[in-house]
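Have a look at the structure below, then the notes.
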Amino acid sequence: MEDEPGSENEGDTMVASPLAKWRIEFSRSFQNHLDRSAPHLIRRWLVTLVAAVIYIYRVYYVYGFFVISYGLATYILNLLIGFLSPKVDPEIEALDPTSLPRDDSDEFKPFVRRLPEFKFWYAATKAFVVAFVMTFFSFLDVPVFWPILLCYWLFLYFLTMKRQIVHMFKYRYFPFDIRKKKRHGGNDKPSSSNALERDEKPAPM
């Protein structure tokens, strides 16, 4: 009688082992596809655009899930702000006068994003997919007067972008490295930044 619990545990281990193996293989394969897609910026964002169009059509067809759409739009806006913001807040760097170039003759300091482009793309695409799946659960369709949500989100968008633009002008940074390309003769390859972003991604489990 004492051997039965042990035999059950061994059986559970044998059953769970193929599932864990499949999970590891799937995680490695998925990570490999992500790494291979990193240099193809335009193709990746076209996929995101297709996902966004499908979601918008789904919401228009069922005429519902406006709360989910509001949450999705707010999340995308938060990602956009992270994409446009520097990794280190200039307000903190301004405390040290030697940390920033004082004029255009000083050495150019490249813009490092708080949210890299690849992570921005991945999070946005995943958000559209998750929101699309959520539209198939009727209990998530909370009745609401959608023009109010739209007006509130537009107000939030303009207020947030105004604050971001004022911050950019105040600390004199631009979220796109145009100056860097000009100074180096336009020989920088976009894949180099993507390779750096891939290094920041967590290793597959």
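Cβ coordinates come from backbone N, Cα and C, glycine included.
Just so you know, TrEMBL annotations never went through curation; they're auto-generated.
Taken from TrEMBL, the feature compositional bias 'Basic and acidic residues' applies to 196-205. Taken from TrEMBL, the feature region 'Disordered' applies to 182-205. Look at TrEMBL and you will find 41-57, 63-84, 144-160 tagged as transmembrane segment.
Cβ atoms under 8 Å from those of the transmembrane segment (144-160) belong to residues 66-67, 69-70, 73-74, 77, 81 of the same chain, restricted to positions at least 6 beyond its ends.
Packing against the transmembrane segment (41-57) from elsewhere in the chain are residues 72, 117, 121, 124-125, 128-129, 131-132, 135, 190, 194: each is 6 or more residues past its ends and has a CB under 8 Å from a CB in it.
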